[in-house]
Amino acid sequence: MSDKNITSVLKETRQFPPSAEFVARTTVNATERDRLAEWAERDPDGFWAEQAKSLHWTKPWDTVLDWSNVPHAKWFVGGQLNASDNCLDRHVAAGRGNKAALVWEGEPGDSRTLTYQQLLSEVCKFANALKALGVEKGDRITIYMPMIPEAAVAMLACARIGAMHSVVFGGFSADAVADRNNDAKSKLVITADGGWRRGKVVPLKANVDAALEKSPTVEKCVVFNRCNTAVEMKAGRDVWWHDLVAGASADCPAEPMDSEHPLFILYTSGSTGKPKGVLHTTGGYLLGVSLTHKWVFDIKDDDVYWCTADVGWITGHSYIVYGPLCNGSTVVMYEGAPNQPREDRFWEIIAKYRVTIFYTAPTAIRAFIKWGDQHPKGHDLSSLRLLGSVGEPINPEAWMWYHNVIGGGRCPIVDTWWQTETGAIMISPLPGAIPTKPGSATKPLPGIAAEVVDKQGHPVPANAGGFLVVKRPWPSMMRTIYGDDERYKSTYWSHYPNIYFTADGARRDEDGYIWVMGRVDDVLNVSGHRLSTMEVESALVHHPKVAEAAVVGKPDDLKGEGIVCFVTLKQGVAPTDELKAELKAHVVKDIGALARPDDVRFTDSLPKTRSGKIMRRFLRDIAAGRQSTGDATTLEDLNVLAKLRADDE
Ligand code: PRX
């Protein structure tokens, strides 16, 4: 890490205040935001205690925050609640059972709507089925599903009986599923025969079959029939979802859980070793996601809300399932690709369901721009009133396009910064309370003590680059890395005493707005997906012909970052194009298609320091070809990042 202060020459000065009409209807206006922020600063425990009253607790808590065992926070200690009860029963009991909970559209064009009452009944049946299979409170359950309502049903059924789910994104390979099964010691896997993606069936069950060859702890596998494809059902192990629920009762009272009872594990990539199981617990997580969903999306009872993420990522957990359902919102869920059958599929969905709030990723926005304005312009997008962005820095040009072409110039944009580890949105505009600037996530939410600091932990001057940290615990923070408290401490809490290290570089401008620039560790952000260079390197060196490998990111107009691999081969191995293709396929098999290298370059040696560390900075320069992206802001960010990283190398 560098302690040098780097001056920025940021050019972006445009500001977009919310319209008077938006402000008139907003839940949190500027005055209210200031009041909340001041309150949270003065009396954090009192502030969070008051917010937590929005949840349904079956037993009140005794202590708001127990921070005695730093960095393992305990929130709302002594309190009891159930996440599934908060997302379902509560709304049905309040007479809102007939409101649409999930409005789902499959890629081939089939669709289903589940009301809160129907979703509750599906969840109860499936929870009873899980119990009948021997699932107990505290067990780990792997969910490897397409984007269908049953993915949410499975998650909520686990929550209902206190089993911890570990959702694995459907784009991961069989090997990646096995790794996660083994790390969590999963007892059961829930999957489907397949799911639709770009007109083809992704063979989920076949991947699970291969994974289960290497997953000794898994006893059973539940299979939902989504695509009617032929799958092998192993006697004594595999059971059809429809057979299980056919005889199951729709009565399954939600079991009260301690506030700190683990809700789920979600694996994410770090800069070293295998993916880590980020652990989230019940009370604090649910408060974080429901409160931020209410504030940031300014949610109203009549909103039709669509988050385009996959439930396999934290965005899907927090802003498709737990946050919006806890708030009783109507959630649109779409199974497939944005360009199937044509590049206007998203705009067709928005027009069809009269979507009012749309939350997507910069990498998708860049693809939309490339596909052309004719696609959104061919549909009625007038129902939209608010737009969101998540997953990576959004370049100002993409922001302006989103604002003008999708938002018709009238919709505020919430650029939301957060991480798998933070559980919920941390830095974002409250859309009716603050003018936005293209490319900035604006300010930390009330209660979130995020700052930009130098190597010593001191706040940096305006516009100087530094490290993004969080100085106080917050309810939805991760509690540990599953099974590895030491790694949790060293990864996040060893850079500064008692301060959470995000591994992102950022700067704060003269108005106090934060501009997140990207990772300062060896984590890549490929199409908004987190990948570790080490993971790709270790996949490569497992190949019998590879001696050594170094993997770096390079700027990519569509994906944000592309993956470039520098590979030295074992003696006598010929560096052929066929071998390049073989190595790319090898990485896909080991991790999944999302990790497919863009470029494999053979080299006789890798540049190293005298102590033997690979000098990634040089490799990044070579990989990038030092090309200008034509965007001064982005280039400046890259320079700042390079300097922030320099001391590590
Ligand atoms: O580098 C930041 C980037 O995504 C990382 C977190 O990735 P993940 O845990 O997969 O969660 C993604 C969805 C929350 C961060 O460390 N990131 C996320 N949102 C933004 C962002 N970078 C800039 N601006 C954002 N809005």
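Quick reminder: no glycine exception, Cβ is built from N, Cα and C everywhere.
Under the heading CoA binding site, TrEMBL lists ARG197, ARG198, GLY199, LYS200, THR315, ASN339, SER527. Residues annotated as ATP binding site in TrEMBL: GLY391, GLU392, PRO393, ASP415, THR416, TRP417, TRP418, GLN419, THR420, ASP504, ARG519, ARG530. Summarising the annotation, TrEMBL assigns Mg(2+) binding site to VAL541, HIS543, VAL546. If you look up TrEMBL, you'll see 35-87 marked as domain 'Acetyl-coenzyme A synthetase N-terminal'. Annotation comment: TrEMBL describes 91-481 as domain 'AMP-dependent synthetase/ligase'. Per TrEMBL, domain 'AMP-binding enzyme C-terminal' is recorded for 535-613. Positions annotated as N6-acetyllysine by TrEMBL: LYS613.
Known features from TrEMBL, placed on the structure.
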residue	record	contacts (Cβ under 8 Å, 6+ apart)
ARG198	CoA binding site	GLU107, GLY336, ALA337, ASN339, GLN340
GLY199	CoA binding site	GLU107, GLN340, PRO341
GLY391	ATP binding site	THR315, ALA361, PRO362, THR363, ASN525, GLY528
THR420	ATP binding site	LEU266, THR268, VAL278, TRP313, ILE314, MET478, ARG530
SER527	CoA binding site	ALA361, THR363, LEU558, LYS559, GLY560, LEU594
VAL541	Mg(2+) binding site	ALA547, GLU548, ALA549
HIS543	Mg(2+) binding site	GLU582, LEU583, HIS586
VAL546	Mg(2+) binding site	LEU540, VAL567, THR568, LEU569, LYS570, LEU583
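Taking a Cβ distance under 6 Å to any atom of ligand 1 as the criterion, the binding-site residues ARG197, ARG198, GLY199, TRP418, THR420, ARG519 reduce to TRP418, THR420, ARG519. Neighbour density at the Cβ, taken as the number of other Cβ atoms within 10 Å, is lowest among the binding-site residues THR315, ASN339, THR416 for ASN339. Looking at ARG519 (ATP binding site) and ARG197 (CoA binding site), their Cα atoms lie 30 Å from each other. For the recorded site, VAL541 (Mg(2+) binding site), the DSSP three-state label reads helix. If you count neighbouring Cβ atoms within 10 Å for each of the recorded positions ARG197, LYS200, ARG519, LYS613, the highest count belongs to ARG519.
Looking only at the recorded positions ARG197, LYS200, LYS613, the one with its C-alpha closest to PRO393 (ATP binding site) is ARG197. In the shown protein chains, 25 other C-beta atoms lie within 10 A of the C-beta of PRO393 (ATP binding site). Across the structure, ARG197 (CoA binding site) and THR416 (ATP binding site) are spaced 27 Å apart at their Cα atoms.
Secondary structure of the domain 'Acetyl-coenzyme A synthetase N-terminal' (35-87), assigned with DSSP and counted as helix (H, G, I), strand (E, B) and coil, comes to 22 helix, 11 strand, 20 coil. Cα of the residue listed as 'N6-acetyllysine' to Cα of THR416 (ATP binding site): a distance of 35 Å. The record assigns ARG197, ARG198, GLY199, LYS200, THR315, ASN339, SER527 to the CoA site; their largest pairwise CA distance measures 25 Å. For the recorded Mg(2+) site, residues VAL541, HIS543, VAL546 set the reference point as the centre of their Cβ atoms, and the other residues of that chain within 8 Å of it by Cβ are ALA539, LEU540, HIS542, PRO544, LYS545, ALA547, ALA549, VAL567, LEU583, HIS586.
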